[in-house]
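Among the features that Swiss-Prot reports, active site, proton acceptor is placed at Glu97, with the record citing sequence analysis. What Swiss-Prot lists as domain 'Radical SAM core' is 103-337. According to Swiss-Prot, the disulfide bond annotation covers Cys110-Cys342. According to Swiss-Prot, the feature [4Fe-4S] cluster binding site maps to Cys117, Cys121, Cys124. According to Swiss-Prot, the feature S-adenosyl-L-methionine binding site maps to Gly166, Glu167, Ser198, Ser221, Leu222, His223, Asn299, an assignment based on sequence analysis. Sequence annotations record features per position, and here Swiss-Prot assigns active site, S-methylcysteine intermediate to Cys342.
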Amino acid sequence: MINHKQSLKDLTLNELQEYFSRKGWQQFRAKQIFDWMYIQQVDSIEVMSNIPKKLRQELMENCTINDLELDSNNIYTSPTDGTIKFLSVLKDGIGVETTIMKYDYGNTVCISSQAGCNMNCVFCASTTGGKERDLSPGEMIDQVLMANKVLPGSESINNIVVMGSGEPLENYQHLIKFLKIVNDGKGLNIGMRHITVSTCGLVPEIYNLAEEELQLNLAISLHAPNDELRNKLIPLNKIYPIHELLEACQVYFQKTGRRITFEYVLIKDFNDSIDLAKELSETLTALKMPVHVNLIPFNPVEETKFTAPPSSRISDFKNNLQSNNIGVTVRKERGVDVDGACGQLRSKVMR
């Protein structure tokens, strides 16, 4: 039976205080609970020692602070780069995957925003089986907290990328609440500039996100410089073609001042030619705003026959962009030996 208790992690601090008032509980206790959840990061209401026993009992009867449970049989650490991939189980039994990537500048957690995905991008494992449902703010937050527990010793998460399973902007309201909670200075206090949200191009929601005027990083899953090619990779492009997507990106930059990153998965003999690199350079230069391109060599997925180009081809593509004054990086492959691409572990376990 699904648990219908109120998840306290679905609430901002203000909402938590309002909830306590409606329940007739002392409002200042809400801040103490917030501290226990995000500073102390406890797993149980019962251990909240500065909360009166009677209130703790009422909280346990009416509320929950655990929105997912770690599947201890599905935690994998890459011996080559330290990437950690783990699966968690939601209250309704649905699996959700999370990835921790280790860098010199800190630990980054890649969280899922949906269980599965409806976008049907042809190169992505997340779309296998479609979308089961959106994740709640608490279910997204618990992935971050679970990552802190999975990390060894005193290590913790420094950066968040919402690039796991699902299209974050399709789960817009829950995403915004998640962002506000993890950014709260009385909680996890992760700065917006340490958070990246990736979208395959839901144009109306990009405009909505621009109006929020958050200082987060926006990444666009572009993967092709023209509609003919992008239509074959991302079905959503038939609804919101590239020119509409890029117009929304310009508005986002004007509102926030934040440079946008364009992600480009390089697929051998499909979108990796020098002519396409030149076309991409022209398209991005015409935006007349700061941009960055993140080239991603295709990470093998069983569901497709795509492969990554040879390193020389990747270098040629990168060099062409750089010669046109486009900032570019090549993402280092991480977690290949632990099903590191989004959706891979969940898809394998579901089978």
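A Cβ is built for glycine as well, from the same backbone N, Cα and C atoms used for every other residue.
Cα distances from Leu222 (S-adenosyl-L-methionine binding site) to the recorded positions Glu97, Cys110, Cys117, Cys121, Cys124 are smallest for Cys121. Taking all protein chains in view, 28 other C-beta atoms sit within 10 angstroms of the C-beta of the residue listed as 'active site, proton acceptor'. Close to Cys117 ([4Fe-4S] cluster binding site), meaning Cα to Cα within 10 A, are the following recorded positions out of Glu97, Gly166, Glu167, His223, Asn299: Gly166, Glu167.
Among the residues the record lists as binding S-adenosyl-L-methionine, namely Gly166, Glu167, Ser198, Ser221, Leu222, His223, Asn299, the two farthest apart have Cα atoms separated by 19 Å. When Cβ atoms from all protein chains are considered, those within 10 Å of His223 (S-adenosyl-L-methionine binding site) total 25, not counting its own. A Cα-Cα distance of 12 Å separates Glu167 (S-adenosyl-L-methionine binding site) from Cys124 ([4Fe-4S] cluster binding site). Long-range Cβ proximity for Ser198 (S-adenosyl-L-methionine binding site), meaning a same-chain Cβ under 8 A and a gap of 6 or more residues, is found for Val161, Val162, Met163, Pro168, Ala219, Ile220, Ser221, Glu263. For the pair Cys110 (disulfide bond) and Cys124 ([4Fe-4S] cluster binding site), the C-alpha distance works out to 15 angstrom. Each of the binding-site residues Cys117, Cys121 was scored by the other Cβ atoms within 10 Å of its Cβ; the lowest score goes to Cys121. Separation of the C-alpha atoms of Gly166 (S-adenosyl-L-methionine binding site) and Cys121 ([4Fe-4S] cluster binding site): 11 Å, rounded to the nearest whole number. Using CA atoms as reference points, the recorded positions Glu97, His223, Asn299 were checked against Cys124 ([4Fe-4S] cluster binding site), and the closest is Asn299.
On a Cα basis, Glu97 (active site, proton acceptor) lies 17 Å away from Asn299 (S-adenosyl-L-methionine binding site).
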